[in-house]
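> Got a structure for you, written out below as structure tokens; questions coming shortly.
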Amino acid sequence: MADPISEPLLSHLTDDSGVNEKTRLEALTFDKIVEQSLSDFGFWQFFQISLVGLALLFDAQQIFITVYTDAYPTWHCLNHTICDPSASDICKLPRSAWEWDGGSQGKSVISEFGLECSSSLLRGMPSSAFYIGAIVGGFFLALIPDDSLGRKKLVLFSTFAMSITSISVIFSTNVWIYTFLKFIIGFSRSQTWSYALVLISERVSTRWRPRATMIPFTLFVLGFMSLSGIAFLAQDSSWRYLYLYTSVPAVFYCIFLYLFALESPRWLHMQGKDKEAIDVLTKMSPKEKAYLESVVSKLPLKQENFEQAPTYSIKDFFFRKWAFRRILVVMIIMFGLGISYYGVPLAARDIDVNIYLSETLNALVELPTFVITPILLERFNRRSSVLVNTLLGGASGVLCFVLSILGKTEIAFAFELGTFFCARIGFNLMAVFMVEMFPTCVRSSATMMFRQALVVGGACCPLIASIGRYIPSVSFAIFGIAMSGLGMFVLILPETKGLSLCDSMEEQEKRDQAVNTSHVC
């Protein structure tokens with residue numbers, strides 16, 4: 001059998017194939033088979049996307065869980081002669097003069113490990129270890145070749161490792177063990193988002209990709225919101241129970257994922273497993289069963305003649321000029337969006353508004369973006385959507401700074417929400433755009449680097465936000481300028497609207513050359 005990447009899977013169909021005359025006469029590539037069989041979006045496709053997307057729900061819970069487990073607990077005085085809760089410094093009082101509210105010191109990591117008088121660096125060390133683990137894991141896991149395990153197994157292993165480590169956190173006896181386990185959790189889940197996005201995008205047709213990729217993003221936000229409810233119900237319990245309540249369901253989820261989730265048909269095709277790929281398409285689209293049966297009857301079954309496709313990994317981005325240029329530009333844009341997405345909520349304290357209200361509204365404002373993003377993707381091209389969005393977000397950030405200086409707090413806060421809203425829209429747009437720019441063989445690695453740029457941008461946020469302590473709200477101007485300035489690099493990227501996904505680097509190069517020559521999609 002010839003190279004399965006470029007060779008048409010079926011050159012013609014016989015008269016009894018049940019396919020129309022036009023289809024019988026044209027060469028039928030695997031990409032055409034995927035587009036034809038997944039042209040409709042049924043319940044089973046929605047189920048498969050939601051099943052994989054649930055990994056992001058549990059991922060979100062582990063990202064934000066330290067907001068509750070590592071919180072500084074409230075306390076009250078026992079000896080009012082020497083203790084005044086409104087004026088006393090807890091670290092200057094004898095331990096017998098005060099007590100934690102609820103009478104239990106195990107409600108928080110701070111109280112259980114006696115960190116109430118420790119430095120802010122030590123108290124924040126577990127959270128920092130989590131993000132350091134995410135950065136280290138992102139770079140390390142990006143070195144794994146795309147064809148090593150498969151999309152489904154990568155989602156499964158990352159979620160399972162995160163869940164098991166989260167359960168083991170309850171056995172921590174000191175802050176050092178706890179910090180180490182938080183590092184492992186961050187390392188394990190560092191690429192869960194990337195793995196899930198790639199698996200989902202490769203199991204839908206071009207028509208439905210913009211809407212389908214918004215489902216896991218919505219589940220991510222719901223995971224953050226559900227954590228608040230779980231934490232509220234467990235507020236009188238030890239912080240260890242919160243880890244159990246979020247990680248045990250994730251373990252059961254992994255079992256369902258293993259039993260019911262389907263592998264990416266495009267990845268199976270890249271491995272020469274065409275018959276298995278057709279079986280997956282048949283399960284996902286029962287209405288196209290007759291069409292797919294006609295295809296599978298023509299498949300070559302002798303696997304010994306299959307020529308192994310070349311192995312691709314992150315190094316291919318450096319050996320191909322076009323790939324390196326694209327991934328570099330994508331990372332520049334995502335760095336700017338990452339600074340804004342993670343930094344704007346962090347700097348909200350510089351505006352004279354209720355911090356709890358501002359954080360709640362920042363979370364809620366994300367939900368409409370998952371409805372608006374598909375509309376933008378379907379009606380406008382990718383580059384102009386990203387460009388206009390980042391320019392609007394940048395202008396909103398600068399206006400937030402100016403209005404805050406002028407004392408117009410309420411209007412400034414509205415523009416703060418607008419900046420965060422545009423950052424989230426830009427993130428959603430770039431996620432779909434990036435998937436379409438790279439072939440199946442390196443798509444997972446590209447998504448990892450996309451995610452890493454976002455995380456590195458987020459890691460710079462605390463430093464930028466701290467500037468607001470000296471010049472109030474100036475951080476919003478910096479976030480806005482970064483978003484709009486770096487967002488203009490999108491003009492370098494090729495337009496991908498309406499184009500199907502390629503599988504190999506060679507196929508991507510041929511299509512790009514054809515598009516550049518003919519100027520048509």
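In case you wondered, yes, glycine gets a Cβ from its N, Cα and C as well.
Annotation comment: Swiss-Prot describes 1-37, 145-154, 201-213, 263-326, 378-385, 434-447, 495-521 as topological domain 'Cytoplasmic', evidence class sequence analysis. Taken from Swiss-Prot, the feature transmembrane segment applies to 38-58, 124-144, 155-177, 183-200, 214-234, 242-262, 327-347, 357-377, 386-406, 413-433, 448-468, 474-494. The topological domain 'Extracellular' annotation in Swiss-Prot covers 59-123, 178-182, 235-241, 348-356, 407-412, 469-473 and is backed by sequence analysis. Annotated N-linked glycosylation site per Swiss-Prot: N79, in sequence order. Marked as ATP binding site by Swiss-Prot on the basis of sequence analysis: I200, S201, E202, R203, V204, S205, T206, R207.
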> Within a 10 Å radius of its Cβ, which of these binding-site residues (S201, T206) has the fewest neighbouring Cβ atoms?
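Among the binding-site residues S201, T206, the lowest count of other Cβ atoms within 10 Å belongs to T206.
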> Note the Cβ centroid of I200, S201, E202, R203, V204, S205, T206, R207, the recorded ATP site, then list each other residue of that chain whose Cβ lies within 8 Å of it, in sequence.
L38, W208, R209, A212, L501
> Highest CB neighbour count within 10 A among the binding-site residues R203, R207?
R203
> Excluding the flanking five residues on each side, which residues at least 6 beyond the ends of the topological domain 'Cytoplasmic' (495-521) place their CB within less than 8 Å of a CB in that stretch?
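Distant Cβ neighbours of the topological domain 'Cytoplasmic' (495-521) are 5-6, 30-31, 34-35, 201-202, 205-206, 266, 269-270, 309, 312, 316, 320, 322-323, 377, 381-383, 433, 435-443.
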> Suppose you look only at the topological domain 'Cytoplasmic' (378-385); what would the mean pLDDT be?
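PLDDT averaged over the stretch: 91.
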> Which stretch, 124-144, 183-200, 474-494, tops the Cβ pairs under 8 Å count with the transmembrane segment (155-177)?
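Between the stretches 124-144, 183-200, 474-494, 183-200 has the largest tally.
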> Taking the transmembrane segment (327-347) as the reference, which of 124-144, 386-406, 413-433, 474-494 gives the largest number of Cβ pairs under 8 angstroms?
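Comparing 124-144, 386-406, 413-433, 474-494: 474-494 has the most Cβ pairs near the transmembrane segment (327-347).
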> Could you tell me how many residues in the topological domain 'Cytoplasmic' (201-213) are helical, how many are strand and how many are coil under DSSP?
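Counting residues by DSSP class gives 5 helix, 0 strand, 8 coil.
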> Say we define neighbours as other CB atoms within 10 Å of the CB. Which of the binding-site residues I200, V204 has the fewest?
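V204, out of the binding-site residues I200, V204, has the fewest neighbouring Cβ atoms within 10 Å.
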> Tell me, if you would, which residue among N79, E202, S205 (recorded positions) has the fewest other CB atoms within 10 Å in the structure shown?
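Looking at the recorded positions N79, E202, S205, the Cβ with the fewest others within 10 Å is that of N79.
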> Tell me the Cα distance separating the residue listed as 'N-linked glycosylation site' from S201 (ATP binding site), rounded to the nearest angstrom.
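S201 (ATP binding site) to the residue listed as 'N-linked glycosylation site', Cα-Cα distance: 62 Å.
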